Amino acid sequence: MTNIRKTHPLLKIVNHSLIDLPTPSNISAWWNFGSLLGLCLIIQILTGLFLAMHYTSDTLTAFSSVTHICRDVNYGWLIRYLHANGASMFFICLYMHVGRGIYYGSYTYLETWNIGIILLFAVMATAFMGYVLPWGQMFFWGATVITNLLSAIPYIGTTLVEWIWGGFSVDKATLTRFFAFHFILPFIIAALVMVHLLFLHETGSNNPSGIPSDSDKIPFHPYYTIKDALGFLALILLLLLLVLFSPDLLGDPDNYTPANPLNTPPHIKPEWYFLFAYAILRSIPNKLGGVLALVMSILILAIIPLLHXSKQRSMMFRPISQVLXWVLVADLLTLTWIGGQPVEXPFITIGQVASILYFSIILILMPLASLIENKILKW
């Protein structure tokens, strides 16, 4: 008698995705981030659902409803901080996942990669809209500044911004629609994740060497289910350490002041996970140029597969590219630091240099390094 998991129409899908899936035998811990992102998404949807039960999306009561959640709801403080810091863990895993893709050449799976870029944009949009909801000072001014960037679009910009706001400033209409979108987007993300996995399972996983591993595959269960479970434990431990010991470590003190349209905070800055893009935006003195650079800082990921000039897929055996990739990581950390600093010298110059370096590494230096390494191979 054949096993029910191999014959049942629904269980068959689960079986082919999580149990009998042929997986390369040498994938490292860098391949754990996909499943960790799945866990983050589940945590965010569940905590978000419980927060939505007590939250009110009205400018007069939004701030006090969040206070009410933290003070009066059973374990409301825990749910709220799990959700807020869960977002930080989500982005840590996202950036690691994308970095892994760049380092090991996973971007050659074009469909998977492009769906991944769409997912990244969707998660960033969701995080931004969720950031506005508690209606504190930085939440409000962050929303005002970032949505206002769209006014840089020629001809239709101002109309577009007022259309998004639902008025002439960030107000009740904006808050209500942001709450609606923030609620629906995670489910769209979950659907996109399914498509992402569908395309991945068409080709199978890449591995650190970048060499096809068809001759050496092992079943996903039990080998990688247990490995993922270890990753889950590590992630949950980190998240709980953050939530239970310093829940406000990554937040902004300004957000404990209710939103006031008449009082601008001295330094407007987004959450830490957007600081690198914010630094790139600020390093260009022209508004439209800054907005284009901001969009390109993420959209550049779509160009990476076109610039893959190396004869090898992974960077595992390419020392020059390896150095460049780690310089890119250092550069992104520098940009993140600069994004949180006030706009004055020397930070302006450092930000501009780091921004130029960011685009140079991806567009010029990495393809050049690949060509040099190809030459070295011939010698």
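Every residue gets a Cβ built from N, Cα and C, even glycine.
These figures come from a predicted structure and were not determined experimentally.
According to Swiss-Prot, the feature transmembrane segment maps to 33-53 (among others).
Residues 30, 33-34, 36-37, 40-41, 43-44, 47-48, 50-51, 66, 69-71, 116, 120, 123, 127, 130, 235, 238-239, 242-243, 247, 250-251, 271-273, 301, 332 of the same chain lie 6+ residues outside the transmembrane segment (77-98) yet bring a C-beta within less than 8 angstroms of a C-beta in it. Marked as transmembrane segment by Swiss-Prot: 77-98 (among others).
According to Swiss-Prot, the feature heme b b562 binding site maps to H83, H182, an assignment based on similarity to another entry. With a cut-off of 8 Å between CB atoms and residues at least 6 apart in sequence, the same chain places G48, T126, M129, G130, L133 near H182 (heme b b562 binding site), listed in sequence order.
The heme b b566 binding site annotation in Swiss-Prot covers H97, H196. H97 (heme b b566 binding site) carries a helical DSSP state (H, G or I).
The annotation transmembrane segment is assigned in Swiss-Prot to 113-133 (among others) on the grounds of similarity to another entry.
Per Swiss-Prot, the feature transmembrane segment maps to 178-198 (among others).
Residues within less than 8 Å, Cβ to Cβ, of H201 (ubiquinone binding site) and separated from it by at least 6 positions along the same chain comprise H16, S17, L21. Residues annotated as ubiquinone binding site in Swiss-Prot: H201.
What Swiss-Prot records for 226-246 (among others) is transmembrane segment, and it gives similarity to another entry as the kind of evidence.
What Swiss-Prot records for 288-308 (among others) is transmembrane segment, and it gives similarity to another entry as the kind of evidence. Listed as Cβ neighbours of the transmembrane segment (288-308) (distance under 8 Å, sequence separation of 6 or more from its ends, same chain) are residues 98, 102, 105, 107-108, 110, 113-114, 117, 120-121, 124, 149-150, 152-154, 276-278, 280-282, 355, 358-359, 362-363, 366-367, 370.
Under the heading transmembrane segment, Swiss-Prot lists 320-340 (among others).
Residues 279-280, 282-284, 293, 296-297, 300, 303-304, 307-309, 321, 324-325, 327-328, 331-332, 334-335, 338-339, 341 of the same chain sit 6 or more residues outside the transmembrane segment (347-367) yet have a Cβ under 8 Å from a Cβ within it. Taken from Swiss-Prot, the feature transmembrane segment covers 347-367 (among others), and the record attributes it to similarity to another entry.
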Paired segments the transmembrane segment (178-198) and the transmembrane segment (33-53) in contact, 3+ CB pairs under 8 A: yes
C-beta crowding around H83 (heme b b562 binding site), within 10 angstroms: 21
Pairwise Cα distance for H196 (heme b b566 binding site)/H83 (heme b b562 binding site) [Å, integer]: 24
Structural state of H182 (heme b b562 binding site), classified by DSSP into three states: helix
Integer Cα-Cα distance in angstrom, H97 (heme b b566 binding site) to H83 (heme b b562 binding site): 21
